Every structure is written in C-alpha cells, then in structure tokens.
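J.: According to Swiss-Prot, the region 'Disordered' annotation covers 59-141, 194-216. Under the heading domain 'bHLH', Swiss-Prot lists 130-179, citing sequence analysis as support. Look at Swiss-Prot and you will find 130-143 tagged as region 'Basic motif'. The region 'Helix-loop-helix motif' annotation in Swiss-Prot covers 144-179 and is backed by sequence analysis. Summarising the annotation, Swiss-Prot assigns compositional bias 'Low complexity' to 206-216.
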Amino acid sequence: MEHHHLLLQLSPPPPPPPLPAAHLMMSPSFFDAGVFADVGGDWMEDLMHLGELFGVGVGGDDDDNGGVDGGVGGGDDRMQEWQNNCEGAGSPDHQPSCGDGDGDGDGDVSPRDGELGDGDGDNSATRKRRDRSKTIVSERKRRVRMKEKLYELRALVPNITKMDKASIIADAVVYVKDLQAHARKLKEEVAALEEARPIRPPPPSAAAQRPQRQPRRVAAAAAQLARAADAAAVTTAAAAPHGARVAHVGAAQVGEGRFFVTVECEPAAAAARGGGGGVAAPVCAAVESLSCFTVESSTVGCSPDRVVATLTLKVSEAEEDVSAISECTVKLWVMAALLKEGFRPQPTVQIS
C-alpha cells in the first residue's frame, strides 16, 4: 500500500486516460524525463527513494541522463517482475493477493474461491459429524437394550455372585446346566418306577356295575311292595282309622343322593271333615320309616278332598353305592312304606 501512495505522488498534473490500476502503475509516462524536468529537482529524490524501495540503483553525476535511464530501466524491470507476481495468470476475479507471495503464483486465493472451498469443507465436516452422531446414538441404544436384557436375566437366576455383566452371564449358564441335569435325573427316576410297578387289570367302573346292582334293588323293592300290599289287603278298617287312599307317588332326583318326593292322598270322609290332619302324620311316619333315607325337609298341604305332602330325602351315609339308587327304586320304597302305615292304593294310583 505504501508503494501505491508513492507512485500517486509522482503522477503528472494532467490525468492520463482511464486505464486499469495495474497498467496505470506500469505506464512509461510516469518516468518521462521531460515531465520530471518541468516539475523540478525534487523528482530525483523521489526517484532515488523509489529505487531504494525496489532495490534499483540510480546513475552517478557524470551521466545524469544515463543514470536516470539506467535507474529507471532497472526499476522498470523490477516493477514488471513485481507486477507479474501480483497479477498472476488469472482473471481479475481470480487475482491472488500481493504482499506475502513469493513470486511463484502460489499466493493466497481470492475470497470467492476461499468461500467455495470453505463451503465444501463445511459440508464434508457436517456430513462426518452427522454420521458420527448416528453411530454414537445407535451404539448407545444397543447398550441400553443389552443392559435391560441383563437385568431380566439377573432377576430370573436365583444365585448371582457378582453384579457385573460377565458374572451374570456365567451364573446363568451354570444355572441352566443344573436345571438340565435335574430334569434328566427326574426322567430316569420316573422310568425306573414305571418298570418296577406291577401291571394290574383296571377295576370295573361304577357305570359298568350299576346295571348289575340296580335290577337287584328294583326286584327287592318290588317284592317288598307286594308283601306290603298283601298285608294291607288283610288289614281291617280298625287297624287303619284314617282310611286314606294313595292317589299319586312321584320322585325326582335333584342331586347326587338327593330326591324330591311328592305324595298325594285322598282322605276318608271322617278324615276329610277333620281337615285332613289325621293323614299328614301317617305320611311322614311312613317316609321316616325308610332307614336308607334321611328327611331333610317336608311340607304338607291339606284340602277337604286331598292331602299333598312334599319331602326332600337324602340317601344316608351307610349306603355304599349311592349311584345305584334310582328314582324308580325310591318310588317303590315310599309306596311300600305307605301301605305298611295302613294307606290303601287306589285302582288308578300313579307312580311317576
């Protein structure tokens, strides 16, 4: 910048035609001897000062013109070399900066090229940082998942010696091997027990035994009913003062070993005038006489012409096979008990 100021001080009064700055500085008109002669003798001092700045010597006093020409010529060559170093081979848009360059065209690049280069570098650096961030995030997620799995494994294994990852995995491996060995041992014991157990024929099921027992019970109840009917036929009216007739006997199974029994009787004329109260007691006494049943509940409803008794019977615990007692067997047993108490069967009695 100091060189430019010194050159501008030596410019002639009439301004030259407009030219680029580089051509203006190197124009020969600046070193015209006639022009300097008009200015005065101060131009020699200025020229010598420029020669010292550019390393150019000025001629002696014997040959002023030759010295001036030689000095100017040497200065012109040095100026040309300096201009070439400053201008370079590129266009003004890509002109390198002057000053610290060493004359080989390797000076600082222009701001535009620098900006482009910095942009490319920034993009590459940003891309690298983004890839590195993705890698770090993925690795962090993988470690979090691994840590969660290790926590779950530590909760399942009962004997954990240490809390570090290697100890947790080693203890889990030992625990799984122990479980496998225990399972093999149990299988061997089961196989040995199966071989030592004697083979026995399966016992007959209750369903298979029921058809054999039930006919015998039904036959026994029928025989008992026949005997009770024969005894009732020879009984006199004095032996049965109520003189009631059995109109209907019904039974329904309401659970295992439990039956719902209904008895309908038609009282005689004397018992009907008394409201049927003399028939309810013999009905309950007849049912209670059955030793294989227990009366859980009973209800008696009386009307002038009919007495209806409803009872809930449960098979006693003394009976071995409760499933062998059917509804038909219960009806026959209740009917036989009523006949023993002096009830007379109607010709159209219903047993259902």
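Just so it is clear, glycine is given a Cβ too, placed from its N, Cα and C backbone atoms.
Tell me about the surroundings of these features in the structure.
T.: Secondary structure of the region 'Basic motif' (130-143), assigned with DSSP and counted as helix (H, G, I), strand (E, B) and coil, comes to 14 helix, 0 strand, 0 coil.
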J.: From the DSSP assignment alone, can you count helix, strand and coil residues within the region 'Helix-loop-helix motif' (144-179)?
T.: 28 helix, 0 strand, 8 coil
